[in-house]
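The signal peptide feature in TrEMBL is assigned to 1-17. Residues or ranges marked as Mg(2+) binding site by TrEMBL: Asp60, His171, Thr173, Glu332. Per TrEMBL, the feature Zn(2+) binding site maps to Asp60, Asp337, His341, Asp378, His379, His454. According to TrEMBL, the active site, phosphoserine intermediate annotation covers Ser110.
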Amino acid sequence: MISPFLVLAIGTCLSNSLVPEKEKDPKYWRDQAQETLKYALKLQRLNTNVAKNVIMFLGDGMGVSTVTAARILKGQLHHNPGEETRLEMDKFPFVALSKTYNTNAQVPDSAGTATAYLCGVKANEGTVGVSAATERSRCNTTQGNEVTSILRWAKDAGKSVGIVTTTRVNHATPSAAYAHSADRDWYSDNEMPPEALSQGCKDIAYQLMHNIRDIDVIMGGGRKYMYPKNKTDVEYESDEKARGTRLDGLDLVDTWKSFKPRHKHSHFIWNRTELLTLDPHNVDYLLGLFEPGDMQYELNRNNMTDPSLSEMVVVAIQILRKNPKGFFLLVEGGRIDHGHHEGKAKQALHEAVEMDRAIGQAGSLTSSEDTLTVVTADHSHVFTFGGYTPRGNSIFGLAPMLSDTDKKPFTAILYGNGPGYKVVGGERENVSMVDYAHNNYQAQSAVPLRHETHGGEDVAVFSKGPMAHLLHGVHEQNYIPHVMAYAACIGANLDHCAPASSAGSLAAGPLLLALALFPLSVLF
């Protein structure tokens, strides 16, 4: 067997050979640093405009290690080493850290965190759109404890609003924008206990159609929760699992259509062709439900029937930006989280790269002069990569050495726990005997679990546009929507906003600049 030290030495030699020639010259790094310094100095001129538009990109489960690995993958997809690549979010001028814990959980879930970064209030694990006075699964603790979201604040201010996700539209992240539920899993009444139904609680799909009836754009998965029990799916006619789930017999798509004014152009669509043939100028309301449950992973996507996240985002912005008062758009790259839970790092990272592509598309359709864009995550995962890999090593590849304990190779990517724990013949599985580059390969984990868990560390917050500088340092996660609302002059805190001189005009000028220099603790 080859000595692990020899393998490491070989890897080091290979690493040296991969160093781009320009990087061997100290001038390259000094010039690069000076250019970065010049850009940083420009940031002293703060953008204190009012945000006409606000776009929030939420990478579900996109911890810092996922961001770094996605950056490398993006570069390698373009045939570069990868480490030097810049994600679209890397280009944002301001970065903060967000503390993700729920009120009752050190390591959070996506429901309590969504309530924090959308409603501005920390909440219990598993609950959406309610305060911490609501206990999970206890319907009778809901009433009186509802909290509203920035999507509602934007709609009340006359802006257009939209939700785009790669999960079900009634999943944890999007549901906090419109629903108030003691349990994130109450997708339809079929998933609710009799006690909750008898106490008057409504399922999340029902609330999507009834709580804020004029959401302008809704796109994602979740068709089956809108239709009566056993109704055949339009796409998967022979799949019983794709059939409708509702026990109350309601057709919520028909309900959605009935709530729209007759003089408005409302469109319900279920496939990519219908989406891409729409004329955004002739669309006032759009409901796109592209799968019975969550949308397919980007690597598995049928590009004849299912749109990509970036395609959905482009159409959403084209529809929403027609409003002279602006818009609020929530975009979730929701299946980053699912890939990690399944131990499938390749699926998770390709989801992250696709979300970054959507961030770039949104940037090309808007201006940072009047659009605040925030990119963050709800929580992290116990995902890591290491092993002294050489420059340009495939992000899904092996470390350049064998374990000095069991003398077997290992992949750079590993999980702290999850389904990738495998023992063969009483020993750790030899990864050289399996296809570790497969899309669905489950990376090895230290502890066996059917589903890998979230991580509890802080997550990054990237921001650009009006008042983006207020997202700095380390903050509680519930601080985020307060900044977005402050920047857009929506919600309860409007003291700093000059009266609108005409529809769509929210210029605040020197007053807003002055107030921007005060600590927000004075303002809230």
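Even glycines carry a Cβ here, placed using N, Cα and C.
Unlike curated records, TrEMBL annotations are generated automatically.
Around the Cβ of His341 (Zn(2+) binding site), 21 further Cβ atoms fall within 10 Å across all displayed protein chains.
In sequence order, Leu58, Ser110, Ala114, Thr165, Thr166, Thr167, Ala172, Pro174, Gly333, Gly334, Asp337, Asp378 are the same-chain residues whose CB sits within 8 A of the CB centroid of Asp60, His171, Thr173, Glu332, the residues recorded for Mg(2+) being left out.
Here the candidates are the recorded positions Asp60, Ser110, His171, Thr173, and by Cα distance the one nearest Asp337 (Zn(2+) binding site) turns out to be Asp60. Residue density at Asp337 (Zn(2+) binding site): 29 other Cβ atoms are found within 10 A of its Cβ, drawing on all protein chains shown. In this structure, of the binding-site residues His171, His379, His454, the smallest number of CB atoms within 10 A of the CB marks His454.
His171 (Mg(2+) binding site) sits 16 Å from His341 (Zn(2+) binding site), taking the C-alpha atoms as the reference points. For the pair formed by Asp60 (Mg(2+) binding site) and His341 (Zn(2+) binding site), distance between Cα atoms is given as 11 Å, rounded to the nearest Å. If you take the Cα of Thr173 (Mg(2+) binding site) and the Cα of the residue listed as 'active site, phosphoserine intermediate', they are about 6 angstrom apart, rounded to a whole number.
Separating the Cα atoms of His341 (Zn(2+) binding site) and Ser110 (active site, phosphoserine intermediate) is a whole-number distance of 13 Å.
The Cβ neighbour count for Asp378 (Zn(2+) binding site), using a 10 Å radius and every protein chain shown, is 30.
Among the binding-site residues Glu332, Asp378, His379, the ones whose Cα sits within 10 Å of the Cα of the residue listed as 'active site, phosphoserine intermediate' are Asp378, His379. Comparing CA positions across the binding-site residues Asp378, His379, His454, the one lying closest to Glu332 (Mg(2+) binding site) turns out to be Asp378. A 10 Å cutoff on Cβ-Cβ distances gives Glu332 (Mg(2+) binding site) a total of 29 other Cβ atoms nearby, all chains included.
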